[in-house]
Amino acid sequence: MGVVAWLKSLFVLQLLIGFVFVVSGLIINFIQLCTCVLWPFNKQLYRKINTRLSYSLWSQLVMLLEWWSGTECTLYTDQATVDMFGKEHVIIILNHNYEIDFLCGWTMCERYGILGSSKVLAKHELLKVPLIGWTWYFLEIVFCKRRWEEDRETVFSGLNRLRDYPEYMWFLLYCEGTRFTEKKHQISMQVAESKGLPKLKYHLLPRTKGFTTTLQCLKGTVKAVYDVTLNFKDKQNPTLLGIVNGKKYKADMSVRRFPVEEIPDDEKECADWLHKLYQEKDALQEHYEKEGCFPGPTIIPKRRVWTLLNFLFWATLLLSPLINFAWDVFVSGSPLLIIGFMIFLIVASVAVRRLIGVTEVKKTGSSYGNIEAKKEN
């Protein structure tokens, strides 16, 4: 193990990074709360400010991927598609197989200047997650409980509200509804068989309602759908904890652009189009399994220095007083102060670990197999 790799594995450094993220996030959330007074008077100004505030938080996670772990991201697509990145409102369809798939999506958002305005159709439970859910709330993220009768009004109103969004946005959809596991895949393919749909090998059966509704509500705003299929070299199984430990991964992303004019307006035909798309995604993954890469030309977009500079700004602002305080505590010789500070460190480490736990596959819930969920699909 080299010196740099050893330093990255040190718990104290990881804790300091977590401290910067959590405290800066709380500061950003407070500023976002203050900006709410702008909404009745200038909604677009509120949105532009919050886009930049969220960038300041999300880019710290992107910094971990790009600069701390040195993870590489290669696009398999044509130059004409890349030329449209960051220049139009789009819907992103991404496979949900990995703990850091969202982070790979964010690094592409960052490199093309739309990280702060990226959107997602998120499960309602994430609204309660500190920092992440709170920041998303101020960003007008659409939350759903994955029960259509309860979600209908919320989803429609949330999506319609985004029609006049002033910044170009990439709206992420995990059409599979939950992260891929072997157990979920078996249940999903049972549903596919009962509905007479082709079985998939590398994906769960897509839930079409979210896609058709999003496309319907954002038609006229969204110009294209980007189908993104993600995989990793050497059958790596990346985790956010691995990123924090400085482990390097090699991500490959196949990107295909579909103008919305090519997607049927009729809900059933649109759903059929999505099912066909997932069959094609499955074929792409089969190709990757055999060849170790996706078909087509490759493009490696350069990482930008802004994520690193943003983190260094927050680290300089927050770590200097923390280190001075820690020094004063220990030189004071007061057992009460030292014990109190140690308790603070333990609580901070637990909090950071729980935030990381949100991404872990084994801790993600699923409604697959529930009778009610099957009725909703």
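Positions of Cβ are set from backbone N, Cα and C atoms, glycine also.
As annotated by TrEMBL, transmembrane segment applies to 12-39 (among others).
What TrEMBL lists as domain 'Phospholipid/glycerol acyltransferase' is 90-212.
Feature annotation from TrEMBL assigns transmembrane segment to 308-327 (among others). Tertiary proximity for the transmembrane segment (308-327) is limited to same-chain residues at least six positions away from its ends with a CB under 8 Å from its CB atoms, namely 16, 19-20, 23-24, 55-56, 59-60, 63, 66-67, 341.
Long-range neighbours of the transmembrane segment (333-352) within the same chain, counting only residues 6 or more positions beyond its ends whose Cβ lies under 8 Å from a Cβ of the stretch, are 11, 14-15, 18-19, 21-22, 326. The annotation transmembrane segment is assigned in TrEMBL to 333-352 (among others).
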